[in-house]
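The following features are taken from TrEMBL:
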TRANSMEM  33-52  transmembrane segment
TRANSMEM  102-125  transmembrane segment
TRANSMEM  146-165  transmembrane segment
TRANSMEM  177-196  transmembrane segment
TRANSMEM  208-235  transmembrane segment
TRANSMEM  255-276  transmembrane segment
TRANSMEM  297-322  transmembrane segment
TRANSMEM  357-382  transmembrane segment
TRANSMEM  402-421  transmembrane segment
TRANSMEM  427-451  transmembrane segment
TRANSMEM  458-481  transmembrane segment
TRANSMEM  530-554  transmembrane segment
Amino acid sequence: MSEQLPSGYKEPFYKGEYSFNTGRVHQFTWVDYLIFAAMLAISASIGVFHAIKDRKKNLDNYLMAGRQMSPIPVGLSLLASFMSAITLLGNPAEIYLYSIMYFWIGVGYFLCIAGASHIYLPMFYQLQVTSAYEYLEQRFSRGVRTAASLVFVLQSILYMAIVLYAPSLALNAVTGFTLWGSVVAIGSIATLYTAFGGMKAVLFADSFQVLTMMTALLAVLIKGGMVIGGLGPAWESLKRTNRYIWDDTTVDPSVRHTVWSLAIGGYFTWVAIFGVNQTQVQRAVTTPSLTKAKIAMWMNFPGKCFILFLCCFIGIYMSAFYENCDPIKAKFISDSNQVLPMFVMDVLSDQQGLPGLFIAGLFSGALSTLASGLNSLSAAVFKDVIGLYWKDKFNDRSARILSILIVIIFGAILLGLAYVASLLGNVLQAALSLFGIIGGPLLGVFTLGMFFPWANYIGAFCGLFGSLILLFWIGVGAAVYSPPNLKAFHYINNCNLSVLSNDTIASMFANVTKVIDTSAPAYGLYRLSYMYYSMTAVLATVTIGLVVSFITGYTKPQDVNPRLICPFFDVIFPFCFLPECIRKPLRFGIVHTGVYGEPEIVDKESKSPDKVQSVENHINLALEVDTQQGKIKSNKIGVDVNGADNVDTKL
């Protein structure tokens, strides 16, 4: 920096064999290809090992790993499932394109893990479900269960298509490896080891892959910091380029990122994933106890924050490095999701093997998400659709074979949908928007069932599909009209124009302004921040569901199985410390017995007085006696003849 800069150039100026000086992007060496291939081989071998080892095990072992897994691999798998290549590419690109506001999503992570661990997970664990949507059948109806499961299938295949496309795009940018060749390769490997290895293969492969991701990110962060000169110069660059925005507390829901949209909106976005998403629920309940399931879930908070901070600080260094030569304007790359791979090739190319390690980390993220998603799709489709309606037609062996076929079929579908993902732009925003548009209504229908005992199955149907229609309308409108967002400054002062084509130079200096039609119908609604999509969906689902339930004949709280209602005010801080006289009316007449989240255990030998009293309480709550006509109105009694809480018996 002490040497005189070339004429017309501007500080900071980085000398070296970098793309903006040479006009070319560095390529992989044979060492990089070797490391990348080794990662794919290890992931595939984990699947082959478990396919051979567990080939004689039953369907429950294939889908649920026997429900005896340690919380460590489960926690790492939970972390890997949705911390994919989208996170690794999207978070740094978010800082590069906009500002450092995204750091606040860490608050949303904390709230999400707390809510998932102590509100939603205990419900699924006590019911010992394989599919999360089994709850909806018990609470509402078989039809609601199947409908919600099919909505989950739609969400998963669209999300996984983005996950499959993103790292393939990155590999294409820095290696010249054919884009669709890498899509087919990575999709095929994930499909095969998931299909034949089952849940154990997914859990252990995820554990290996998330460690690979973290190692790759650390390598990029350390070398990037050395090139830039540390956080000091990087921080000054943030201020010069309008990225030093971190304290926006406006309550305007149209502002893309604020403290509130990232914390509160982030909670609803991510709890829809960690709290009720089949991919996460299925992993959490593979542990032998609720305590271990919570440990596995809470492992995600430091893990998610660690990956978040690594990605964001890499984004800060990346922004400083390209402050005066935007690689997108210079036509080195065509997409913001390729900025990080280009940065990696610029700063790590002198260290053979490190670029290969980073790309291996990217594909590790993709593999973990694809494997987790395919395994969950298999469980959901078999349990909630095929097995639910044609259960008697399959023995355990044929059920496992069918589950394998389901994985292979969905793997093939993903390859086709990857093309759709290529049209979605910023992968991070696209993925989180998808979580809100489709995941939000699913969170809403579970919330409706767990917290509002008056809701009936008609209300659940209407709430689910009503909110889906509303959110699709908003999402499609936002995509068509593209609301303007404040972006960081991107300069071209230090691009070496002598190595660029005339067409590229002309496009760099072109001033193109996009005109937004703000008079379009409902344009204000289209400007809603994508971080509020999930919260909007939950509010819409609950509102529509309750209104329809009261119109069509609401469910009486005493007729609902208490084990299907979350005792929110008894288990959540600080409400659990309220006096009983306040908490009792907030239960709406529902008597909760036992510890929330503990599976119901039927002890045939025990007939203790407290169990007998519990049975009597349920009888008194379930029966309404018409003293004038001497008839029993309600024909539903929740009685367990052995003293447990609830067995459906009809008089």
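Cβ atoms are placed via backbone N, Cα and C, with glycine included.
Note that this is a predicted model, so its numbers are computed, not measured.
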Proximity verdict for the transmembrane segment (402-421) and the transmembrane segment (146-165), three or more C-beta pairs under 8 Å: yes
Same-chain residues at least 6 beyond the ends of the transmembrane segment (297-322) whose Cβ lies under 8 Å from its Cβ atoms: 12, 14, 20, 71-72, 75-76, 78-79, 83, 87-88, 91-96, 100, 102-103, 105-106, 109-110, 113, 116-117, 121, 210, 213-214, 217-218, 220-221, 224-225, 227-228, 231, 233-235, 237-238, 241, 243, 274, 284, 339-340, 343, 346-347, 488
Segment proximity, the transmembrane segment (458-481) to the transmembrane segment (102-125), 3 or more C-beta pairs under 8 Å: no
Interface-richest range of 33-52, 255-276, 427-451, 458-481, 530-554 toward the transmembrane segment (357-382), CB pairs under 8 Å: 33-52
The transmembrane segment (33-52) in contact with the transmembrane segment (208-235), cutoff 8 A, at least 3 CB pairs, sep 6+: yes
Tertiary contacts of the transmembrane segment (458-481) (same chain, 6+ residues out, Cβ under 8 Å): 136, 139-141, 143-144, 147-148, 151, 433, 436-438, 440-442, 444-445, 448-449, 516-517, 520, 522-523, 525-528, 530, 533, 536-538, 540-549, 552
Interface-richest range of 255-276, 427-451, 530-554 toward the transmembrane segment (146-165), CB pairs under 8 Å: 427-451
